[in-house]
Amino acid sequence: MKKIYYKNHLIKKKWSQVFLKDQNVIDTIVKTINPKKHQKILEIGPGLGALTKQILNIADLDSLILIERDSNLVNRLVQMFNKKINILHQDIMTTNFFDLSHKVGQKLRLIGNLPYNIATELIVYLFQYTNVIYDMHFMFQKEVATRLYANPNKKEYGRLSIITQYHCKVVPLLTIPATSFFPIPKVESMVMRLLPHTNTPYPIVNIGKLSSLTKLAFRQRRKTLRNSLSTFFNETEITQKGINPALRAENITINQYCTLANMLNNK
């Protein structure tokens, strides 16, 4: 397999490494994030520091926290930014954000161009830390991004839409052409803002029940609820909650799923 380099860095395909190179796009993203000097900003997967450099220039931060697992990139970043960054050489999926927030004494603002291969898994992982996250600005593959903010009755609407919107207000901000990256990916990307709810609009007793329920419902999404959820409920129970059991998983609102999750928790 042919080796590909970007600015003398050997790109690791196994980690889905792509590098943002369009300065106009970089400027627009950072202006949209609007970083402030007093804020604690953490960048996930900074790569070669395209966003890092611009954020430090715009916000004049005392320190920017970076999490990077690629040791070659860690060394490059240290050389580039020296004392302006606090870089953590570790896997983001093992990072304890409660500890990080406690150390800096405030909620964190998270940013990053997320690797395509872990974007969905990472977002779900971060939801356990929403109490210590102020907001998140991430670049996603467009297909993933549209699933995050999809509404019922749309083909993109699914379990990820429900879990994401349960935890956060989701705002699509920018569409980024594939040519803004190297290597050029096959799809466009989108910058999304995820703002954790301070008061959830979806009251629920046990989030685990919502997770189990939606996993079952969307496993065979073309089945009607009377069939897909028969493990948990009979048809009468679904009807008693004002939900038509002849509907399919993609027709059910988040509020309705929360109602069913609460009923399941009481069983």
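Glycine too: its Cβ is placed from the backbone N, Cα and C atoms.
G45 is the only one of G45, G49, G158 that Swiss-Prot places in the S-adenosyl-L-methionine site (with L20, E68, D91, N113). Under the DSSP three-state reduction, D91 (S-adenosyl-L-methionine binding site) is assigned to coil, being neither helix nor strand. With the fewest other C-beta atoms within 10 Å around its C-beta, D91 stands out among the binding-site residues E68, D91.
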